[in-house]
Amino acid sequence: MTRLLQTPWRLIQEAAKVYWTLLKVMVPALIIVKVLDMLGGVTLLGHLLAPVMQWVGLPGEMGIVWATLMLTNIYTGMSVYFSLGMSESLTVAQVTVLGSLALLSHSIPIEGAIAKKMGVSWRVTIALRVVGALVLGGILNGIYNHFQLLQQPSQLLWQPSAVADTSLLGWGKNQLETLAWIYVIIFVLMALLRILRVLGVERLIHALLFPLLRMLGIGRDAANVAVIGVVLGLTFGAGLLIKEAESGNLTRRDIFLTICFLGLCHSVIEDTMLVLLLGADLSGILWGRIVFALAVIAILARIGFVSRRLETKPNQLS
């Protein structure tokens, strides 16, 4: 009986440890982004990005949307997109390109800080996600235009009916609610991992994912973490990755490649559904994104200097 009581309590403590590690990264980043937004930094960056938007086949005004997405999140970016009132003037192809930019490069300050905690530098994060988003967007734009695909006007599947509370108090309340739910989800995920391990499902997942992981250069021990991150998001995947890394089950190479992969391909259910509401097509925001992420990580895994550099560093978190 005592042992049964100790197991949940130990799990609560372990989840709290991971949660506290993430809080120390997320809270400062959230505050910095909010201050920057209040000072007009998001709008300024949007205007600077107008020429880049035109390069991927989007109107210059979409630079404001992309700037918002990079510095905040998809929900906020969607609100800005709705407020511009330009949805009816964009084709499905253009919305799909915008969606690919959103999915690859949203929440850079927060998710980049988490990646930094795991040993992936800001330079790598920006190059991987921002430049990667532009590359994927350019590829999709070229394909859609060359073959005249998805050129019909886009249609919003949903748009907000009420304006959210934009006051500091409302913002703070929303952030507290989000942070509270993060702990709950971390706890549930850690409990799920234990159940999977006891039932032997973990070994089955490893076996099914082994060919894919080998192609990416990610070791077997990173399988569960990668799957959870792909489904639920980089934040949750990184939280579990912290625990696995501290236990010594993962190499620095596994950590690096897993975080890079999750940076390009995470929250494939929730985020994809959000972008679909804007009128995007799955060919770019889901299949194109997955293929692009697999290709990039497969290349990274085979670059010699990356492996040598990781091998010369100690296997510890920043």
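Here the Cβ of each residue, glycine as well, is placed from N, Cα and C on the backbone.
Feature annotations, courtesy of TrEMBL:
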TRANSMEM  25-50  transmembrane segment
TRANSMEM  62-84  transmembrane segment
TRANSMEM  126-144  transmembrane segment
TRANSMEM  178-196  transmembrane segment
TRANSMEM  225-243  transmembrane segment
TRANSMEM  286-305  transmembrane segment
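Contacts between the transmembrane segment (286-305) and the transmembrane segment (178-196): absent, as fewer than 3 C-beta pairs lie under 8 angstroms at sequence separation of six or more. Most Cβ pairs under 8 Å to the transmembrane segment (225-243), among the stretches 25-50, 126-144, 178-196, belong to 178-196.
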